[in-house]
Amino acid sequence: MTSSLSAWIWSEWFWLPENVTWADLEHPPPGVEYPRVGHILCALPLALCVLILRLIFERLVAKPCARILQIQAGVSRQAQPNAVLERVYKSMTCPDSRQLEGLSKQLDWDVRKIQRWFRLRRNQDRPSTLTKFCESMLIFFHPGQYNYYVAELAFYWSLMFSQFTDNKRKDFIIMLVHHLATITLITFSYANNMLRAGTLVMCVHDASDIFLEAAKMANYAKYQRLCDGLFVVFSIIFFLTRLVIYPFWIVYSVLFESWEIVGPYQSWWLLNGLLLVLQALHVIWFYLITRIAVKAIFRGKVSKDERSDVESSSDEDSNSSCNKTPNHAAKPKDSHNGSLNINGETYDH
């Protein structure tokens, strides 16, 4: 049973081009070394190590730096304890008008009071500026392609794990798809010996991230001019790497040139499909970057990211955010504090 399952998972028909077998990879010619999937299994325990190091780094390095820059955690107003509303909140954070009417009758509360309770309760779950500053510092601390692959894979597995324990943000689905596509691409490209293409994909994604996180930290520390300058640099690098180099050089090579060299096979189609999924995400993120840039031109400052910042105190804003903004959309608001709108971190890839 086990052997038949293993044979199905590692089917040569799916993984390898025609006339290539696993035996060919197990016994390469003298002086040639092929990658093996088992080589990167150590990325999973390393991902747990990354999570532990992240907690240590945030406590011992990032928080002291935040205190030096006078970045405060901030304490949001607490929602009045209410077992009924808390139970509803666990299943939905933004009840619709009909549900609000039902809760109003059940609790004998005014609808606006219930809306205010849900707004305060959502704000309690949002990360503080101090927390987001500590997260952004992590990007700055991150021989050979194998080590690079293992480090990247461990990093993205740690992001995948932490996404379910950190505060849930509105781009949760987009980032989940991004991390899954990235992890799958890293693993498949290594197993298929597409190390050159995989390394280039990771490089072009890493290139812009450091400027994004630096801009976020400058924004949290209220160095607005530095934030705006870093955001411009990030936008230019993002455009060049992810909308020019990535599709017209890397994807083109994997999609067309590899077709001429080895021809298409089953996992080849999957790999190229995942590369195109990433490109679609790049277009979405660049659209959001452009919206922020346009707002910055007309208002003079980079706006914040609605994914994680505290909501407006008005009930009308609360209604708008619940009824008009989908949970996966990162819609910028006209404010000068908070984080930037793109999280186009890694893959996550």
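Note: Cβ is positioned from N, Cα and C throughout, glycine not excepted.
For reference, TrEMBL has these:
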type	residues	note
DNA_BIND	87-129	DNA-binding region
COMPBIAS	337-349	compositional bias 'Polar residues'
DOMAIN	75-298	domain 'TLC'
DOMAIN	85-128	domain 'Homeobox'
REGION	306-349	region 'Disordered'
TRANSMEM	37-57	transmembrane segment
TRANSMEM	172-191	transmembrane segment
TRANSMEM	227-249	transmembrane segment
TRANSMEM	269-289	transmembrane segment
By DSSP assignment, list the helix, strand and coil residue numbers for the domain 'Homeobox' (85-128), in that order. 32 helix, 0 strand, 12 coil
Averaged over the domain 'Homeobox' (85-128), what pLDDT does the predicted model reach? 82
